[in-house]
Amino acid sequence: MLIIFLFFNFCYGFNEPLNVVSHLNHDWFLFGDSRSDCNHINNLKIKNYGYLDIHPSLCNNGKISSSAGDSIFKSYHFTRFYNYTGEGDQIIFYEGVNFSPHHRFKCFFNGSNDVWIFNKVRFYRALYSNMALFRYLTFVDILYNFSFSIKANICNSNILSLNNPIFISTNYSKDVYFTLSGCSLYLVPLCLFKSNFSQYYYNMDTGFAYGYSNFVSSDLDCTYISLKSGSYKIFSTGFVLSIPTKALCFNKSKQFVPVQVVDSRWNNLRASDTSLSDACQLPYCYFRNSSGNYVGKYDINHGDNGFTSILSGLLYNVSCISYYGSFLYDNFTSIWPRFSFGNCPTSAYIKLNCFYDPLPIILQGILLFLALLFIVFLLFLVYHG
C-alpha cells in the first residue's frame, strides 16, 4: 500500500497549486459587486442563485461587502455610492468591472476615457498595497473649515456625476483646510485638468507637502496619496482648487498579508480593461483569472463556470497561498510556492517519468514470453540428452 501511495504521489502529485482565492482560516473578507451580492438576488424577477459567482452558502456569513452595479472606484469618485466596509486578515477583491471602457466615461465631450482607465490603475494599485497592511476598510467624508456654497459643476456625464473631488475658484477669499482624524491611513485623490500648473496638500503639523503637476492630460488626471491624520492646507497654481470630499479609511494595522484579486471583466461582447492585473503586482497582491471568455449561466455576464470555480476556494481553508495559487497541504509539491504565506510546502520534488507508450511495453512482454519458452525448450533438450 505504501508503494502504491508513493507511486501516485510522485507520478501524479497530490499537492499542486489551485487556481482559487481562499483563506488560511476564518479571518477573511471579500469586497465585490453583483456577482457576490446576495441581497440583489431578491430583486430579480425569479430568485436565481445562478446569478452569483460565489456559492450561496457564503451569503449569510457576514464576510462579504458587495453591491450590484457598484465598485470601490465608482463609489470613491462619483455620486453613485455604496459604503464598502469590511475587516479581515486575508482580503479578497472581486469588483471593478462597473467602471470600464464599456461605460465610456469622460469629463468633457473631447475628453479621454483612457485617462480615467489610467486613474483606475493608480487607484487600485494604492488600494491593494495599503490593504496588505491593514485589516479594516471603509469610506469617510473629509471635513472642511467652511461650507462650499460656490463650486464649479465640472465633470458630469449622462452616466455618472463626479463629486470627489469638487472644484472651487482659486480666487476664493478664504484659505482652504481639511482635517483627517480617526483612521490610521487615508487614501485621498489629487486630481488636475490639462494645464501647466500644480497643486499641493500641505501638512500643517509636520510641514510636509504632497504635490502633483499636470502638463499633458486631456481629461481629469488623478493620483492617489496616502495621508496620515492631521490638518492640511490646499493651495494651487491653477485657476481652480481641486477639493477632495471622500477618502478611503484604513484601520487596524496587521502583519503584511498580500491581497487576492480576481479579475473583474465582462463577456467579450462588452469592452473591458486590464486595470486590475496592472494594479495587482507582487509582493502585495496575487492575481487570479480564468483562461476563457466570461460566459454566464444566468446571463452572459453573471454565473460563469470558470470564475465560479475560482471563487469556490472560499468554501474551505487552505494551508498556503502563493503567487502560483493555493496549496491544500504543507508537505511537498512540484511547484515551489514563491511569494507565499501560511504553512507552505518546504520542498519540491522532481516529477518522475511514470507514463509510457503501451505498444513497446506489449512488444517487450511478447519477446520476454518467447525467450522464456526458448529457455524451457533448451532445458528440455538438455534433460533428455
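Including glycine, each Cβ sits where the backbone N, Cα and C put it.
Per Swiss-Prot, the features are as follows:
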type     : residues : note
ACT_SITE : Ser34    : active site, nucleophile
CARBOHYD : Asn83    : N-linked glycosylation site
CARBOHYD : Asn110   : N-linked glycosylation site
CARBOHYD : Asn145   : N-linked glycosylation site
CARBOHYD : Asn171   : N-linked glycosylation site
CARBOHYD : Asn196   : N-linked glycosylation site
CARBOHYD : Asn251   : N-linked glycosylation site
CARBOHYD : Asn289   : N-linked glycosylation site
CARBOHYD : Asn331   : N-linked glycosylation site
TOPO_DOM : 12-361   : topological domain 'Virion surface'
TRANSMEM : 362-382  : transmembrane segment
Candidate with the highest Cβ count within 10 Å, taken from the recorded positions Ser34, Asn83, Asn145, Asn251, Asn289: Ser34
Fewest other Cβ within 10 angstroms of its own Cβ, chosen from the glycosylation sites Asn110, Asn331: Asn110
Secondary structure of Asn331 (N-linked glycosylation site) (DSSP, helix/strand/coil): coil
Segment confidence, the topological domain 'Virion surface' (12-361), expressed as mean pLDDT: 88
Mapped DSSP class for Ser34 (active site, nucleophile), helix or strand or coil: helix
Cα separation, Asn83 (N-linked glycosylation site) to the residue listed as 'active site, nucleophile' (Å, whole number): 15
For Asn83 (N-linked glycosylation site), the one of Asn110, Asn289, Asn331 that lies nearest, given that the glycosylation sites are compared by Cα: Asn289
When distances run from the Cα of Asn289 (N-linked glycosylation site) to each of the glycosylation sites Asn110, Asn145, Asn251, Asn331, the nearest one: Asn331
From glycosylation sites Asn110, Asn145, Asn331, the one whose Cα lies nearest Asn251 (N-linked glycosylation site): Asn145
Rounded Cα-Cα span from Asn145 (N-linked glycosylation site) to Asn110 (N-linked glycosylation site), Å: 35
